[in-house]
Every structure is written in C-alpha cells, then in structure tokens.
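See structure below.
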Amino acid sequence: MDIAATIPTICRKTHNDHSLGIFYGENPLDYSFTLMMFEIIFVISTTWIIRFILKPLKQPRVISEIIGGIIIGPSILGRNKKFTDNFFPDNAQFVVKNIGVMGFMFFLFLSGVKMDMTYIRRSGKKQFYMALIGVILPLTTVAVVGTLTRKYMDKDLARVSSIGAIASSLAITSFPVLNPILKELNLLSSEIGRLAMSTAIISDMMGINAVIAFEAVKQGEVRPMNGVWYLISLVVLIIFFFTVVRRAMKWIVNKTPEGKPVAQGYVVAILVLVMMMGFLTDMFGMAIANGPLWLGLVIPDGPPLGATLVERTETFIAQFLMPFSFAFVGLYTDVFAMGEMGWSGMAPLLAMVVTGYVSKMIGTVLSAMLYDIPFKDSLTLSLILSLRGEVELLLYIHWIDKQIVTIPAFTLMVLSTIVITGIATPIISYLYDPTRPYMVNKRRTIQHHTPNTELRVVICIHDQETVAGLINLLEVSYPTLSSPIRVYALHLVELVGRGMPILIDHDDEEEQSNNTPDDNIHNALKQYQESRGEFNAHAYTAMAPPLSMYQDICELALDRKATIIILPFHMKYPGTLVGTQFFRRRVHSVNLDVLAHAPCSVGILVDKGDFRNPFAGCSMRHSVHQFVVLFLGGADAREALTYADRMAANPNVAVIVIRFLSHNYIGDNEMEKKLDDGVVTWFWVKNESNDRVVYREVVVRNGAETMAAIQALNDDAYYDLWIVGRKQGINPVLLDGLADWSEDNELGVIGDYIASADFGGTSSVLVIQQQILRGRVPAPPLLPLAAASRPIFPCT
C-alpha cells in the first residue's frame, strides 16, 4: 500500500517575505508581509465604513463589526474565488483567524477585569429571582423543544451535550456583551441599566457553571474518564487563580504608590499571563477564552491595577484586534451553506432559537412585573437581557471546534445574533428615556423655597481645585440656625477599569473602607462643617462614564429633594495645555446635560481664583464683599435675584442689583414683565432698610448698549462675584446682535461675556438657571413664598 497516496496533497502558492516594488513589475499581494498589511487595512476599514453607515440607525458597534466580518467572508466578497485567492488565501486566513482568537481572549480578559463580583453579594432578591427565572425558563423550554425535535437533527446536534450547550447559550445574559452596548446607549447609570447589569452578573455566574457542566458532559461522551480529568484540571486551575494569581495581583497593588499607575513591567507580565491562561485552558480541552476571563475576574477592578490595564490596552484591543475577531466569524459564516442544507435540516435549530428568545423575554417581563416594575420598563429590561454579541460568537466558534454545530447551523446562530440585537437596540432607545425620572411637576427652586427652612444643595466636584470656591459660595449663601444649608457633595470620577457605575455614600463606613476617593476633598468639607453648626455636609463619590455622569447628579438631587445644583465651570487651564482640552470638554458636556435634565434649579460657578479660599468662613467675617446682580428679566433672572436676596442677609456681603430695561419697553413679554416687576418689588421692599443693598435701572436699545453698560460697571469698581440669569425669558432686544458673539451656550450670552478673558478682571461669576419643568404642563410661575403676604406694586 502506498502510504503517500492516503495523505491528502495540497498545492499552495508560497509567498515571499517582501516585494521589491511595483516598479519591478511585482504584485505586492504576492508577498506575505504586504498581503498581511493590506488585510489589516481592509478589515479595519470595512468595519469602520459599516459602523458609519449604521450609526444613524441606532445600531450598536457589535452589529457593524459582525456585518463587516460577513462581508469579507464567503457570504459576500469571499464568494468570489478571485477575491479569496488574491486577498484571503488559505494561509492568510490562518493568520486572520489566530489574531481573531487573540482578540476574543483579550476582550474577555478586560471584561473580567471590569466585572465587580461584589455586586452579587450586594444585589437584592429582585435581581436574583429575575436572573433565576430569566435563565431557568428559556433553558427548560429550549431543552424541551430540542428533545422533541431531536429525531430531525443531524447526529452532532442531536447529542445531549449539544442541545444543552445551545439551551444554555440562549438562556444566559452576558455582562461583557451588555456593558459596551449600554454604554453606547448612555444607559449605564440609569435605573434600568443598573438593574440589567446586576442581573447580568448573576446570570453570568449561572452561565459559567452551566458551561462547565456541559463541557464535562461533552468530554465524557468519548470516554467517561475524560470528563473526570476535565473537572480535576478545572479545579486545579481555579485554585491556582484564587491563590497564587490573586495574591500576586494584590502584591502588585500594594507595591504601587498611591495615586500612581501600575508600572509598565507588571502590565506586560499580566498580558503575557493572559496568553498563558489561554494556552492552559485550550490544553485541558476547555474553551480557550475561559482562562483569560477567569484571570480578569481575580484582578482587582478600578485603580490602580484594573484602571491601568484598561487604559493602556482597551483601545488597541477594541480597535485593532477585535475587527479580526469578527473577520474570523465572517470567514465561517456562509448563508449559501444554509440553502444547501435546506429547511428540514435548519428547522429544529431555528425552533430552539426562536423559543429561547421568546421565553427569555416572557420570563424577564413577568418576573420584573412581579416586583412592580411598569410594563414598559419591564419590556425594555427584557430586550436588554436578550442582547447577544461577542461572547455568544466565541461560543459558536467553540461549538464548531467541538463538532456541536456545522457551518449552516453556525451561520443561523450568527444571523440570529444580528437580528435580535439589531432590532432590540433601537427599540430600547425608543422605549426608555433615562431622563424620564427627573421630569418632576413640583417646583424645586430658590424662588419657591419655603422661608426659614433647610435649603438642600448638591455641589459637584471634579477635582480639589474646585472645592474652595464652592465652599466660599456656600459661606456667602449665609447658612443660619433658622435657615440652615444641607449640602450633598458629589465627587465626580471618570469610570476606568470598572464596568458598572458606582455611587458611594461615604457616610456608610463599609462602603468607605472598600473605596478611597480623594480624602482632601472630604476633609475640607468636614473642616467647614465643624466651623459652622448651620451647615451639614454629606459626601458622595460617583464613578461613571462622562456621558452618563449627569444621571448620577440628577438622581441624587431628586432623591435628596435638592433645591439647586451647583456645578463648577473649568476655565483654569489654557487650551494648549496637553490633556486639558479633553477634560474641559468632558466637564462642559456634563454641565450641559445637567442644565437640560435637572429636577431643580442649577447654578454654574466660574471661579477665577480670587473667590477661592479654603478658610472662607474665617476670612469673610472681617471684610465686606461686593456682589453685583445683572437682572435682564425672565425666570433665570428672578431665580438669580432670589438667591442674591439670601446673600444680602449676610452682614459681610454688599449687593448691587442692575436691572436692564428695553427702550420704550420694545420686545417685552407682558406676562414676564409683570412677574419681573413683582419679584423686583418684593426684593426692594424687603431690603429697603439694608444699606448694603443698592438697586439701579438701565435703559438700553440693543445688545451693544447692554454690553457697554456692563463693561462700564466693571471699569468703575471691582466686584468679587457677578450673578446673572442664564437665558430663560430675557427680552431679545437686550441681546440684539450678541448671539454670534457668544462662544459658550453653557453660560448664556451675558454669562459667557463676563466670564471671558476679554471682559477683564479676576471676578468670579455665578450663572443661574431656574428649574425647567420638562415634559409636563408647567405650573404658572409664582413669586417667592416670602412675598406672598406682601402687596405687589410697580418699582419706580
């Protein structure tokens, strides 16, 4: 017998390393290095183009990348033999697939780093039972359907382990898939987003156990002892993770100086360890990504280690490696193979898939409604927990390796992933508005605040530099025993190295021991609280993505029934300083979102430096500070004047109010004018005997005269603080010709002008916006409650 004749012979063109160039008449695609470079460019460019096309349709990034991979594969471009032979020959596909597997490994590793397993302990019964019902119901129904249609399946799919693997994949909701999609939808910090993420973590833990069980069954189908050895090797590996590896990671954290990133050498060593874990799990017959995922789970999330790993590797993995992962999926996806297999061969698997998704949604909706979650929100939650993505795709590839599914079945599963995630994501955006809880119909403003009652204020802190100015503002707001101020200080920290937003209440000792935000911020608040008995402070830290930080701010203000939110305006650094432009844009974005959605009034403090003093309570009692209120009319101006009235009661503050009126009352809104007259009259009658309060009126014809009057006021005297309403209700004549001049909508036209460098001086600025009743019919504006018993008459 000729042995050589039994061995398959493959003829393949060998690629040289480098081309001499096209000017020598050579095709660069005939050379391995240039071909690989072209493939990298082609794969990444294709996914970017699809992403650009589908983004307006509210499609998540994962859908664009899956479709980009399919375009490269045999379903579209790969159908052309000439394209495949020139651009993706067999030996080139080998490179793409291996880089793709590495992409999946590192993706799951970073997902493990971001997962906070303590959420399982902190989750309540609601999350646990919702996860349990959402897993057991689809798992059971899919298994039943699979058993009933087993005789119509091929022999590989008909195995018990195969049916169990498919049932478990359809039942489990994966945290690594949900996290990036919810981040794109800006729902991470929302109520429904937090509920979905905590439920997904519990579901993941059930899923890991299910995968282990079915892997063991699969190993034992060939020889029973294989399953036993599989479980033994698994136990040894897990013990290694939670003893040696866990202690090594804690040692790295302890060796890292406080506030500093982990040394580069440790980062490289951990990335090498990721590949080592992938090698070990593959060697033991487990899914290759199990090792990297478990390694990520034992690494402490957040700073310094988790944050450093995510910061230094996430972009490279997401933008460079993951497109190859989806190209890998696309090279296996072949819609024509489904046609060749026919309906009879695909029907059992399709029945299982449809049953899985439907039962998953029904189970989630019913369990959510049992806990009094409205139907609309329950439906949204069910759609979120039905999303599929990277983890499922990796499982499907693993099934091909284990001969659980064939190429047609694999293609069906990939297409079902595109359909369910592609349809569910825009529906989620339509059904759920994360700002809906902040649409309150009760007035929470300083103007309508009951006199001689506690004033509740939320102050937002981005860094230590903003603390002193905010404390000074609280001091001049004049907390007294009859009218105390309760402050909720929220330290805003960008979420890095964690997958779930965290809101920490530092009055909770247990939470404080687990998280250590900047102590200087809290110490400054404590020192001021100790010096003023009329002042109560509560410290919080919100770790969230910049796009959803406003949700934590608005939620805290809503829960604590705050009257006003005070935000810092960052203009300290020159725009050319490296890194500061991004920081300023982030703060600017947060402020705009809060202004748009706040359930109460909002103030933005532009602290130029002179207003900043960490011992405000001491210094301000020995000198009179000059404040000026620019009253241009409207709801924001009335709110600003009412806030200034509170400051005017402070014996260390002098207030001058400048009211701007249009010549011959041109452009005035009659209702707004009456409301303005009433508030101004109330203010003047109340402060008529206060010699530290001055009231003046200025008549102008256009925006240029308005600016000239303000500039003249600035040239005549120095003021420590300028107070102005943002923009609601201002007579357009007063701003005529100024709209194009303004660069910053955050502060309004006048606020932007007096905060700019062109205005001159180092005076700070407080811009006030009165609460906007969004989505509801607003109640008629009222006068300050203190004025309710006073007669209203025009101011002369």
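Glycine residues also receive a Cβ, built from the backbone N, Cα and C atoms like all the rest.
These features come from TrEMBL:
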| type | residues | note |
| --- | --- | --- |
| TRANSMEM | 31-50 | transmembrane segment |
| DOMAIN | 47-428 | domain 'Cation/H+ exchanger transmembrane' |
| TRANSMEM | 62-79 | transmembrane segment |
| TRANSMEM | 99-116 | transmembrane segment |
| TRANSMEM | 128-148 | transmembrane segment |
| TRANSMEM | 160-182 | transmembrane segment |
| TRANSMEM | 194-216 | transmembrane segment |
| TRANSMEM | 228-245 | transmembrane segment |
| TRANSMEM | 266-296 | transmembrane segment |
| TRANSMEM | 316-337 | transmembrane segment |
| TRANSMEM | 349-373 | transmembrane segment |
| TRANSMEM | 409-432 | transmembrane segment |
| DOMAIN | 487-609 | domain 'Cation/H(+) antiporter central' |
| DOMAIN | 628-771 | domain 'Cation/H(+) antiporter C-terminal' |
Arithmetic mean of per-residue pLDDT over the domain 'Cation/H(+) antiporter C-terminal' (628-771): 86
Same-chain residues near the transmembrane segment (349-373), Cβ under 8 Å, at least 6 residues beyond its ends: 126, 129-130, 133-134, 136-138, 141-142, 145-146, 149, 153, 157, 163, 166-167, 170-171, 379, 381-383, 385-386, 405, 409, 412-413, 416, 420
For the transmembrane segment (128-148), sequence-distant contacts whose Cβ falls under 8 Å of one of its Cβ atoms, 6 or more beyond its ends: 163-164, 166-168, 170-173, 199-200, 202-203, 206-207, 210, 348, 351-352, 355-357, 359-360, 362-364, 366-368, 370-371, 385
The domain 'Cation/H(+) antiporter C-terminal' (628-771): DSSP-derived helix, strand, coil residue counts: 64 helix, 33 strand, 47 coil
